[in-house]
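Features reported for this protein in TrEMBL:
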type	residues	note
TRANSMEM	30-49	transmembrane segment
TRANSMEM	55-75	transmembrane segment
TRANSMEM	87-105	transmembrane segment
TRANSMEM	117-139	transmembrane segment
TRANSMEM	151-172	transmembrane segment
TRANSMEM	178-199	transmembrane segment
TRANSMEM	211-231	transmembrane segment
TRANSMEM	237-257	transmembrane segment
TRANSMEM	284-303	transmembrane segment
TRANSMEM	323-345	transmembrane segment
TRANSMEM	352-370	transmembrane segment
TRANSMEM	376-395	transmembrane segment
Amino acid sequence: MVEATAQSGWSRFARVRGTGPGHGVTTLELFFDLVFVFGFVQVTQLLSADPTATGALRGLVVFALLWWVWCSYAWLGNQAQADEGTVRLTMLLATGVMFVMALTIPESFVDLPGGLFGPLVFAGCFAAVRLLHLASYLVAAGDDAVLRRQILTTAVPVVLASGLLAVGAALGPPAQTWVWALALVVDYVGIWVTNTAGWRLHSARHFAERFGLVVIVALGESLVSIGVGVAEHAVSWPVIVGSAFGITVVVAMWWLYFDVATHVGEHALTHADDVGRSRLAADAYTYLHFPIVGSVLFVALGLKKAMSYVSDPEHHTLTEPLSGMPLLSLYVGAAVYVVGHAAFLRRTGGRWAVPHLVAAAVVLALLPLAARLPALAAMALVAVVLVGLVVVDLANLGQRRDQIRHGHAPAPAD
């Protein structure tokens, strides 16, 4: 009797609970995201430590690997409740593995003396957390034969990419950078090609919320970068002015996403049919949010370096321009962020947001001028363009803005 009761108790505990249209983000998923806060900070530190084209490529590769893991678990949390049964255990175990993976980011390409071999630990954590995800997804799929077949098909590029990461780690730089980039191509393209409409998306609300939260995580990292850039120096008027410009950039980026775009995306997901919803979710969120979130980390690098120029009079002057990779990160990052929004609105709302494309072109056109201006002025130019785009959006939307924000209109006007 005791054994039967124990088995019954375990069955109830381990039971996978499905989701429905009204399902929202769980507190466990929010907890899971905390490790990505640390991961994003580590990526920015990696970029800052090597402000070269090679360093930018390595930072982008590491971010792309983190992004793919995060997206995988966002899909899992839409299939089954993340805080129930075996999925809860999976999420907690994945959190631990991801923390170790984030710890190794500084030595993901250059192993530090002593201890374990950093690049291989990073690659091993990636493989472990991806395979753990697939195993949990198979359990969560239950009797859905189509979904189970889709998961098993997806395992092929996952295993191939994991193997390439291990090979690249063993080879070391410079080959490692290119082998890891190849692993990303295999993973990203492989999953795209093997997507046979077998995935399920039960809750548009949950999915839109999850991706909105990861945008918040990235924007929060930008604010942290502004503070880190001046943390060891005295507060001065240039520091206050620079902080104001930096925060204005981040606030404008927040506004562009959360004022209208997030509502357009959720509306589109909600009203798509089953097959169209999963494809839309993959296109607009899994893939098109990659440049949106990734660009924020590059903007964070630019803001951090600009603030270090402003706050450190011993090594920089107020007239010194921002240059090299930090300048490119700030300007190209801002342009990519805006273009990413335009592409997202095109995929979810059916039309291009022309002002966004114009704003991105203006930011890039200002790059040669910014290279000759003080770092403060370079920050100010980006802030002015982004705030200007917000104002143009408000003027173009007019009364439709309120309708879109409350789910009564599918897309913004051009």
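Yeah, the Cβs are placed from backbone N, Cα and C, and that goes for glycine too.
Bear in mind that TrEMBL entries carry predicted annotations, made automatically and left uncurated.
The model shown is predicted, which means the values in this text are computed figures rather than measured ones.
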Per Cβ pairs under 8 Å, the stretch of 87-105, 117-139, 151-172, 237-257, 284-303 packing most closely against the transmembrane segment (376-395): 237-257
Same-chain residues near the transmembrane segment (284-303), Cβ under 8 Å, at least 6 residues beyond its ends: 40, 43-44, 47-48, 51, 56, 59-60, 63-64, 67, 71, 74-75, 188, 192, 207-208, 211, 214-215, 218-219, 221-222, 224-226, 229, 246, 249-250, 253, 257, 265, 268, 322, 325-334, 336-337, 339-341, 343-344, 347-348, 379
Considering the transmembrane segment (323-345), which listed stretch of 30-49, 55-75, 87-105, 117-139, 237-257 counts the most C-beta pairs under 8 Å: 237-257
